[in-house]
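Here is what Swiss-Prot says about this protein:
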- 6-70: domain 'J' (DOMAIN)
- 146-228: zinc finger (ZN_FING)
- 159-166: repeat 'CXXCXGXG motif' (REPEAT)
- Cys159, Cys162, Cys216, Cys219: Zn(2+) 1 binding site (BINDING)
- 176-183: repeat 'CXXCXGXG motif' (REPEAT)
- Cys176, Cys179, Cys202, Cys205: Zn(2+) 2 binding site (BINDING)
- 202-209: repeat 'CXXCXGXG motif' (REPEAT)
- 216-223: repeat 'CXXCXGXG motif' (REPEAT)
Amino acid sequence: MPTKKDYYEILGVPRNATQDEIKQAYRRLVRQYHPDLNKDPSAHEKFKEINEAYEVLSDPQKRAQYDQFGHVGDFSGYGDFQGGWQPGGFDFGDLGRNFEDIFENFFGDSIFGDLFGRRREREKAPRKGADLRYDINITLEEAAFGSEKEIYVTRLETCPTCKGKGTEPGTNPVKCDMCNGTGQIRNMRQTPFGQFVQITTCPKCHGTGQIIINPCHECHGTGKVRRKRRVEFKIPAGVDEGYVIRLAGEGEPGENGGPNGDIYIHIHIIPHKIFKRDNEDIWMELPIDYLIALLGGEVEVPTLEGKEKIYIKPGTQTGEVITLKGKGIPYLRNKNQRGDQKIVVKITVPQNLSPKEKELLLEIAKLRGINIEKDKNIFEQIKKAFKGDN
């Protein structure tokens, strides 16, 4: 039968109360009327009303139904099976629902529970904690040679005050009076297939068999608190963009004795000002003076490990590639093997010449049979000569 009780009035909260306000009111009334704490004969009935109101108002779906219709239907959608098959509001569209949900609506965690995996037991089974993801930017040098890093992780941990019990120090949970500490509610159900025992998780203690009367002031009864921790880890030599490092057991704590989750570090490499990476090789452009290109000589080039001198052979052309063996990125799977550094030569021609330099270059041009057109800039012609244009 639909209830005529005003659940909001029972809990002493307004109709627009938040879930936190409803929970606080419930806990206050539980401490006041719990039969183990209040010996008044009327306390037991009042306590049942409080639990009934909280069961509805703490569930958003049930609360919405209560607010709309003034009651919460029992076994909605299948009619009332007391006394035989009553189709009532049966919606044939519901036939497409998952069979597990249909049978649990009929039988709860009854004999059919084993056929569908025993949902209640699955809920109590150890579960791994949630994994966490962090993204970190590193330099090309750190990617090449590896590095040690640290991050600060905010995660749930066991409450240090109550040691995970959820109760205020010096107090203990009390046995749930709704399920008598079993964590289960057993009801007889008359169905089209006969009479069955319906076993469901206790809505009051959520299957724990215990009720926290005095919640811990630090974790508010959850047994867990958020803490910021420093986590150190190593980046191996040779990693590339998108590489993922797994830190086992550093994620959120597990439930029901399950293992902690993991942290996954996603590596991103900051673009380098000089080098471009190509797998294990690195590439760079090296501007050199045109005289070095003509006559040859030593120049200083940057490498991942510092500056190094190399020799430019006479007559080197723009676009030539000089290879420094073993100066690239170490192979991730073989630290003793490295890629190469590829240097692309880019010859630079001066924009301004002194009169003496111009005179000498004109002499060289004559020796090489180059006709310097007087109406064209000598520097443009020199550039053309280096490019091979005539």
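Even glycines carry a Cβ here, placed using N, Cα and C.
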> Applying the rule Cβ within 8 Å of the centroid of the Cβ atoms of Cys159, Cys162, Cys216, Cys219, what extra residues of the same chain belong around the Zn(2+) 1 site?
Replying inline: Pro160, Thr161, Lys163, Gly164, Lys165, Gly166, Thr167, Pro215, His217, Glu218, His220, Gly221, Thr222, Gly223, Lys224, Val225
>> I'm trying to understand the geometry here, so how far is the Cα atom of Cys202 (Zn(2+) 2 binding site) from the Cα atom of Cys219 (Zn(2+) 1 binding site), in Å to the nearest whole number?
In response: 23
> Which sequence positions outside the repeat 'CXXCXGXG motif' (159-166), separated from its termini by at least 6 residues, show Cβ-Cβ distances below 8 Å to it?
Replying inline: 172-173, 212, 215-219, 221-225
> Does Cys219 (Zn(2+) 1 binding site) have same-chain partners at least 6 apart in sequence with Cβ under 8 Å from its own Cβ, and which are they?
Replying inline: Cys159, Thr161, Cys162, Gly166, Val225
> Over all shown protein chains, what is the count of other CB atoms within 10 A of the CB belonging to Cys202 (Zn(2+) 2 binding site)?
Replying inline: 19
>> Which residues of the chain, 6 or more past the ends of the repeat 'CXXCXGXG motif' (216-223), have a CB below 8 A from one of its CBs?
In response: 158-162, 164-169
> Could you tell me the C-alpha distance between Cys205 (Zn(2+) 2 binding site) and Cys216 (Zn(2+) 1 binding site) in angstrom, no decimals?
Replying inline: 17
